[in-house]
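Peer 1: Copying in the features that Swiss-Prot gives for the protein in this structure:
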type    : residues : note
MOD_RES : Ser33    : phosphoserine
MOD_RES : Ser99    : phosphoserine
MOD_RES : Ser101   : phosphoserine
MOD_RES : Ser102   : phosphoserine
MOD_RES : Ser103   : phosphoserine
MOD_RES : Ser104   : phosphoserine
MOD_RES : Ser111   : phosphoserine
SIGNAL  : 1-15     : signal peptide
Amino acid sequence: MKLLILTCLVATALARHKFHLGHLKLTQEQPESSEQEILKERKLLRFVQTVPLELREEYVNELNRQRELLREKENEEIKGTRNEVTEEHVLADRETEASISSSSEEIVPSSTKQKYVPREDLAYQPYVQQQLLRMKERYQIQEREPMRVVNQELAQLYLQPFEQPYQLDAYLPAPWYYTPEVMQYVLSPLFYDLVTPSAFESAEKTDVIPEWLKN
């Protein structure tokens, strides 16, 4: 037991010593790296200052061109990915439409079989349609005929002149209208009626009473 405890203590002491040494190394390396970077920047500045302006401009232009090329490549890649995505969507839509159309075609033949019409019926259909059109025309003509008759009668009434209330035929002719020869025939029955005795006078003279007076 004592040996185990001693070994554990020794191991912990060694580990602490190693950790302390490593931390010191890192702290020493970090300032060295920062100092190296500062030295590099200074060297670049000196080199840039020694380079003429034309070379600087060319260098800057090349850098800008490289940046533009990189941007164009990125844009092309983005467009390519978008086109691929759209093509995938289009293909998926077409596949769904094809599946729907195939399913509908499977359903439609059963209905078309039920609705099959022979050729004879198809040839007879235009004749039936013509007959129906003729029947409709006749019916329309029959409906219009009474209206035409009424309109014609009204037109005749409007066109006919008003009759005069004092026509010569409405009254008996005056005696001076006829000639003397005609007046003989016209006046003779009147005088005959005045001369002939009535039924009462003949009955008184003959003393014969008619039967209808007896009652």
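Each residue, glycine too, has its Cβ placed from N, Cα and C.
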Peer 1: Any idea what DSSP makes of Ser101 (phosphoserine), helix, strand or coil?
Peer 2: helix
Peer 1: Taking 10 A as the limit, how many CB atoms besides its own sit near the CB of Ser102 (phosphoserine)?
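Peer 2: A count of 9.
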Peer 1: For Ser101 (phosphoserine), write down the residues of its own chain that are at least 6 apart in sequence and whose Cβ falls under 8 Å from its Cβ; none is a fine answer.
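Peer 2: Same-chain residues close to Ser101 (phosphoserine) (Cβ under 8 Å, separated by 6 or more): none.
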Peer 1: Just how many other Cβ atoms lie inside 10 Å of the Cβ on Ser99 (phosphoserine)?
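Peer 2: The answer is 10.
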